[in-house]
Amino acid sequence: MKLLQNKGKQLLTITLCVIPIFLSGCWDRSEVNDLALIVGMGLDRTDEGDIELSAQIVNPKAMGGQGSSENSQSGGQPVTVKTGTGKTIFDARSKLQEKVSRRLFEGHNRIVVIGKALAERGIRQHIDFFARFPNPRLRANVFFADGKASEILKIMPNFEQDSAEVARELAELRIGMKVTTKDLLQQLASESGATALPRILVDKSDSGEELRVNGTAVFKHNQLIGQIDDALTRGLLWVTDEIETASVTLQPKDAKDYISFKLLRSSTELIPTIKNGKWKMTITITSEDDVVENETKLDMMDPKIIDKLQKQLNKRIRKRIKMVLDDVQEGMEADVFGFADAFHRKYPKQWKKAEDKWDETFPEIEVAIKSDVKIRRPGRSGGPQGVPQDKEATE
Amino acid sequence: MIEKGKISGLQMAILLYPTIVATAELVLPAITGEVAKQDMWLSPIWASFFGYLSVLIAYRLHSYYPKETLLQYSETIAGKIPGKLIGCGILFFLLHTNGMNLRDFGEFVNGNFLEQTPLTVTIASMAFVCALAVRGGLEVMARSSQIFVPVFILLFMFIVVLLIPALNPGNIAPVLGEGLTPSIKGALVPTQWFNELFLISFLLPYLGENENGLKWGMITTTLIMITLVITNLLALLLFGDITSSFTYPIMDAARYISVADFLQHVEAVEMAIWVTGMFIKISVFYYAAVIGLAQLLNLSDYRPIVFPIGLLLISISMWAAPNLQKLTHFSSTTWPFYALLFQMIIPILLLLAVITRKKFSKTQLS
């Protein structure tokens, strides 16, 4: 008892007695080998109107033993795709859980693929799960599949471990649009009422099946209203200032051969103006290119030639953008360009009045496109290669 | 005096800074964004005026009664019985608000990380740690926060810097698109968080000599204001219009971080910020309540009542609200007015009473 007389030691004893109580139960203990890591999710609509959730789950047997041949035989594919059907995503998820021996975990989910049948009935109602349920992250990339989403997830790619990683990397390269769950939530809540999602396709060839990001699906007021192809998507990326990698190939006037340029950087500004009640949008694009290939006999060091090429490049960009405007602004009447936000930001008062009539105003907006391309460098060579000095063409 | 410890001005600042920032950092963007929209980053600036005012009032009262805390001089000013009643009111407010703080903490941890763990366990373990800190006295609290607050700030900066590539500066426009009103309306709740700086009146008496309490109070308020503006800007530039649709926007922002595909899943950092911040916040409120009660009852030592009050705090936190929805509703509608009474109106009335009495007695003397 003498030990306990010291006050400090008394406290210590009490603490030591209390701690084991908390050790006996760890409510939220979750071991990695009890989890089924979901890396990709696909949403489809069944004929009965239910949601079919496909989950690409990392195959634990194939993990870790990649080097040894023994494991790769018994382990099989690095990921498996399981599906479940239910009224909501979570309902489908619980059906899916019945088939999986480990607890489903969406914390590492990288992509969400939305199938066509589901997208036609709207996407807003289904995206809530990804912003409410604790596990998923808002960083996951969202794609539109012009067929069944589960087909996309089932592809076993050559380079990467799973199709989810392929899709994410493709989005990161900005071949098409890059839309994360957060971006999608913002688009859905935005004033324009229009949403655009990158389209993902299965590319069948002799060497097997590969994924491809190609084109864009356009939604208006939560309805799928159309799809645009790759060329138009590039135009859309120019307008939304998302273009990062681009190659432009031109055929100079009076030449048989081509010149290729590589885009270094580009920035787009949307400048809205309201004059006498007339709404106008000016799209200003400044970009820099390098020459990377010259098939012609033109001298790439000649400033005059470069001037002409710049003009031609400008024309090309304007044409691209005009194409997408014709198709999406006038055809689909969907504001996926962010015009609504641009007007709201610059003219908050006028916007407040015209807000409700945006759907009628938008197709009528006059758009001016200004492009300023600067060709920076001729590349590693100056004049054309393989041509004697005196045979070089001047203009 | 029952508290024998002395703290420096910097230590006082370091105790008060997380006391306001901890709760605000997590839910402020959601609450201000609801009404202020893209002007939400202005709201903390308007709200900070109340912080400065609160510090000023507490300091003026302190200069009349340099050795006493709020509960002691309220007795001297208002008389024994009314003074004790005011003291009881303030004590109730401190306990209730701290119960809500504890509950906020528990709801966050349970809602985001430990879903299966009983709420009582999360809350009780936090209360226990805070009780140990309070029992250690003011100096112990000050020194532990000297260790925690730099970590708190560092981790917060970590999140801010990592998010910079994902921010979209365009979200800020139109600045003052609908005039000043939305941002001022958005300042309503943060105003009362800033008014929590009235807790400075429990710390000022224990400031070492030659320490400028007013200066440090003002510095603290300014730092808090800057931090909250950064917090709101961060959420606004990342999420734009949808900020207020999240329960904990900064939490989702932290989860959004992904640098070069490997630096991701850093929500544990956000959790660490919140837990360290809440630890200090709850301890400071807890300390004020304990020392207040000891002074109200004229006890010779405050240590014996630390654990009983801790139990009370746990119960209050469970009674505070049946669910997160009601807790948030209460703390963004009723609480600001209720807090205004104890944090601002009572100190102002006390100060006015002192000033008029001093004037009155002077004229009598002359």
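Every residue gets a Cβ built from N, Cα and C, even glycine.
Please treat TrEMBL annotations as automatic predictions, because they have not gone through curation.
The annotation transmembrane segment is assigned in TrEMBL to B:12-31, B:43-61, B:81-99, B:119-138, B:147-167, B:187-207, B:219-239, B:271-293, B:305-322, B:334-355.
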Beyond the flanks of the transmembrane segment (B:187-207) by 6 or more, those residues with Cβ under 8 Å of it: 1, 3, 5-9, 12, 15-16, 19-20, 23-24, 28, 31-32, 36, 43-44, 46-48, 50-51, 54-55, 57-59, 61-62, 66-70, 97, 138, 213, 217, 220-221, 224-225, 228, 284-285, 287-288, 291-292, 331-332, 335-336, 339-340, 342-344, 347
Touch test for the transmembrane segment (B:147-167) and the transmembrane segment (B:12-31), at least 3 Cβ pairs under 8 Å: yes
Chain residues outside the transmembrane segment (B:305-322) and at least six past its termini with a C-beta under 8 angstroms from it: 95-96, 98-100, 102-103, 106, 119-120, 123-124, 127-128, 130-131, 134-135, 286, 289-290, 293-294, 299, 330
Contact between the transmembrane segment (B:334-355) and the transmembrane segment (B:12-31) (3 or more Cβ pairs under 8 Å, separation 6+): no
Candidates B:12-31, B:43-61, B:219-239; stretch with most C-beta pairs under 8 Å toward the transmembrane segment (B:271-293): B:12-31
Residue numbers, six or more beyond the limits of the transmembrane segment (B:119-138), whose CB comes under 8 Å of its CB atoms: 3-5, 7, 102-103, 105-107, 109-110, 144, 203, 206, 275, 278-279, 282-283, 286-287, 290, 303, 306-307, 310, 313-314, 317-318
Residues of the parent chain within Cβ reach of the transmembrane segment (B:12-31), under 8 Å, 6 or more residues beyond its termini: 40, 44, 51, 101, 104, 108, 141-142, 145-146, 148-149, 152, 156, 186, 189-190, 193-194, 196-197, 199-200, 203-204, 207, 211, 213, 216-217, 219-220, 223-224, 227-228, 231-232, 234-236, 239, 243-244, 246-251, 273-274, 276-278, 280-281, 284-285, 328, 332
